[in-house]
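For reference, Swiss-Prot has these:
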BINDING   Ser54, Val55, Gly56, Gly57, Thr58, Gly59, Lys60, Thr61  ATP binding site
Amino acid sequence: MIKLLYPEFWQKRNIIAYLLLSISLIYQFLGYLRASLARPIMLPAKVICVGNCSVGGTGKTQIVMYLAKLLKARNVSFVIVTKAYGSNLKSATTIHQGHTALEAGDEGVILAKYGAVIATKNIKEIVPLINELKPDIIIVDDFLQNPYFHKDFTIVSVDSQRLFGNGFLIPAGPLRQYPNKALDAADLIFLVSSHQDKIPNILTPYVNKLINAQIVPSNNIDKTKNYFAFSGIGNPERFFATLKNYGLNITGYKIFPDHYNYLQADLENLYSLAKEHNATLVTTRKDHVKFNDLNNNIVCLDVELSINNPDLLNEKIFKKAQIFN
């Protein structure tokens with residue numbers, strides 16, 4: 001997997017974006033060819049797929065966590081399927097809380113706290129494991145563009161600040177697919193980190209299935225200290241904004257590529273930077289799980305999803321997925 005930072009031209013078009021357009025056309029053709037040749041399988045349970053149209057953090061993990069808690073409260077059995085980004089996984093594996101991020105991916109380790117998790121790089125490999133676990137629902141994280149399985153219910157996550165970037169496909173832009181088709185097909189659309197009342201124009205046709213959501217801190221952190229922040233996630237700017245909105249004094253920050261696997265040298269450099277700033281290190285849960293026993297002096301900001309209209313979510317999911325039939 002190529003690990004990239006989110007370049008500026010992905011948000012605002014410049015000469016680099018236009019120079020890369022020819023490669024984007026190849027990406028588009030290969031995606032069309034893949035979808036045309038695919039023969040989607042029916043997984044042995046109803047599928048809720050959570051995904052996005054673009055590269056970078058849009059709050060998918062928090063949506064999956066929210067769904068897991070919702071289903072657990074209703075006594076609905078479920079399994080979460082995740083892609084195991086950044087792991088050395090060779091085949092589909094059932095994840096437990098003893099797995100490390102290198103073995104299961106950072107998201108797999110985090111999600112294992114909420115229920116049964118299968119980490120895989122090939123969706124077809126999960127079938128035997130699903131047959132063993134026999135869930136009512138499969139929550140699939142980040143396989144929206146995968147044409148090889150049937151989806152009963154789809155949720156598209158959109159970051160309210162980045163939206164769809166410059167509107168170009170990878171690598172000229174951040175898009176995995178053009179949004180209109182995905183938004184039309186979606187059962188629900190989450191506009192994440194939306195603190196404004198105005199809905200972006202591109203989403204106004206979908207207001208009847210739009211949920212405004214915020215990612216908010218879920219643990220208490222000492223606000224009297226100075227903090228040096230770092231992260232290797234898809235949308236680090238949102239993490240830093242969350243820290244500041246929480247009232248923490250951030251004296252500096254460092255950004256790593258998404259799903260970055262930290263080395264001992266990185267950790268030593270971070271401690272040195274924190275010392276220079278007379279600060280304590282603070283990071284995300286996705287980064288924190290990668291340090292194992294070395295993270296005792298690193299503060300972790302836990303976050304969760306807060307939504308403004310949970311009734312719409314409940315109605316659409318439990319009605320269309322027919323969980324209680």
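Just so you know, glycine gets a Cβ as well, placed from its N, Cα and C.
Neighbour counts of Cβ atoms within 10 Å were compared for the binding-site residues Ser54, Thr58, and the top value is held by Thr58. According to DSSP, Ser54 (ATP binding site) is assigned to a strand segment.
Taken residue by residue with DSSP, Lys60 (ATP binding site) is part of a helix. Cβ contacts within 10 Å of Gly56 (ATP binding site), excluding its own Cβ and spanning all protein chains shown: 20. Within 8 A of the CB centroid of the ATP site residues Ser54, Val55, Gly56, Gly57, Thr58, Gly59, Lys60, Thr61, the other residues of that chain are Asn52, Ser157, Asp159, Gly234, Asn235. Remark: Gly59 (ATP binding site) has Ser157, Asp159, Phe190, Val192, Ser193, Ala213, Ile215, Leu305 as non-local neighbours, by Cβ distance under 8 Å and separation of at least 6 in sequence.
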